[in-house]
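Q: If you scroll down you'll find the structure; I have some questions about it.
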Amino acid sequence: MNVTSLFSFTSPAVKRLLGWKQGDEEEKWAEKAVDALVKKLKKKKGAMEELEKALSCPGQPSNCVTIPRSLDGRLQVSHRKGLPHVIYCRVWRWPDLQSHHELKPLECCEFPFGSKQKEVCINPYHYKRVESPVLPPVLVPRHSEYNPQHSLLAQFRNLGQNEPHMPLNATFPDSFQQPNSHPFPHSPNSSYPNSPGGSSSTYPHSPTSSDPGSPFQMPADTPPPAYLPPEDPMAQDGSQPMDTNMMAPPLPAEISRGDVQAVAYEEPKHWCSIVYYELNNRVGEAFHASSTSVLVDGFTDPSNNKNRFCLGLLSNVNRNSTIENTRRHIGKGVHLYYVGGEVYAECLSDSSIFVQSRNCNYHHGFHPTTVCKIPSGCSLKIFNNQEFAQLLAQSVNHGFETVYELTKMCTIRMSFVKGWGAEYHRQDVTSTPCWIEIHLHGPLQWLDKVLTQMGSPHNPISSVS
């Protein structure tokens, strides 16, 4: 049955446009979304014809089809608010679209959503879906002068407990700056301290580091750079096209290709696991994320939805009144999504969430243990596979311990409602009533394979390893 026959009371224009609707999108909601669009486009000469041309001839060039941009950039359709280009890309191209982070405008688009013009283009064929970048393999030297001092990945869940600093605090978007160009050094001559032409844009390392060749070392009292608020909080992912050929550093002259082992990144079955804590007590079983879009909320879900981790279902006999009250305020919680090799956290709760992500802190030039406050309605990129890949590729030439340090980057901590750090009376995440720990399986497994190739005290690197 043609989808247009389902709507006997809609206008001919709406019926025509619904003919190109993708089948999985909700029928009634799609009808209302298209009807709202038709009313706007009828006020513009030729706009309807241009949209129909784009939908009927997807491979042919088409012009922008624009509607006025609202104050908050969103469009309301039947009690649901969303970004207009996401709504219509979902209706006509990708029913499984979750977020604007999954879309990039084509170069031909004159009014892309991120440009903050008075008009925004909703032509679904002026956007493309973000693809996961292919990460180059890490080249691990077969011979090493380093003497590994650690065993392989132990219980990484406790890695951050001995940090000597009380975490600093930052608030999104106020404390964040929009990177002017590439978010980190991007040329062979501008990399890290202790390398030729090292840049000052570094990842400050814990002062307890004893490795003089560490690419992350920086005095503990070095102040962070001045921060400027970003131009557009909605587009605050700072993403730039990255030349993946630049990510693996050139091999030293004395090492030939035959002296290295290539270790490739592999996408795991579950991209992350999430563990819930109340104070310093783990509560319930770990949640393993198979979907790239996961909700962690304070409700109960008897249907056992694989895309939701419902904290309301979990019981704890040691729960006190502070924890009970905090749990009541988690509400819609946080939306985590993994797209294009990047992890985003969107705060759906009416209360803020607080995130400690070393990868995010590295990207923004913060101290590694900084805790970032994400207010309600905001989203922040909390992990980038490409940046992690570059750090890993550079770390293998600094020895086992430097690579092992990166395990800390693969665990993200997130507190609901209550913050912790220098600006709060709670100094550690284990003092917050309700928090989660996110373990990123892909980067962790990649590290594990690299460390295995590098050897351990029980398996020293040799010419026959």
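Placed from the backbone N, Cα and C atoms, the Cβ positions cover glycine too.
What you see is a predicted model, and the numbers here were worked out from it, not measured in a lab.
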Q: Return the residue out of Cys64, Cys89 that Swiss-Prot annotates for the same Zn(2+) site as Cys109, Cys121, His126.
A: Cys64
Q: With Swiss-Prot as the source, which of 66-76, 418-428, 451-461 is set down as region 'L3 loop'?
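A: Swiss-Prot lists region 'L3 loop' for residues 418-428.
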Q: Can you name the residues of this chain that are 6 or more positions from Cys64 (Zn(2+) binding site) yet have a C-beta less than 8 Å from its C-beta?
A: Cys109, Glu110, Phe111, Glu119, Cys121, Asn123, His126
Q: Provide the three-state secondary structure of His126 (Zn(2+) binding site) computed with DSSP.
A: helix
Q: For a quick check of packing: other C-beta atoms within 10 Å of the C-beta of Cys109 (Zn(2+) binding site), how many?
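A: For Cys109 (Zn(2+) binding site), the count of other Cβ atoms within 10 Å is 19.
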Q: What other residues of this chain sit with their CB within 8 A of the center of the CB atoms of Cys64, Cys109, Cys121, His126, the recorded Zn(2+) site?
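A: What remains near the Cβ centre is Asn63, Val65, Thr66, Pro105, Leu106, Cys108, Glu110, Phe111, Pro112, Ile122, Asn123, Tyr127.
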Q: Just going by other Cβ atoms within 10 Å, which of the recorded positions Cys121, His126, Thr322 has the emptiest spot?
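A: With the recorded positions Cys121, His126, Thr322, fewest surrounding Cβ atoms within 10 Å: Thr322.
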Q: Which state, by DSSP, holds Thr322 (phosphothreonine): helix, strand or coil?
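A: Once the DSSP labels are grouped into three classes, Thr322 (phosphothreonine) ends up as helix.
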Q: By DSSP assignment, list the helix, strand and coil residue numbers for the region 'L3 loop' (418-428), in that order.
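A: Its residues fall into 0 helix, 0 strand, 11 coil.
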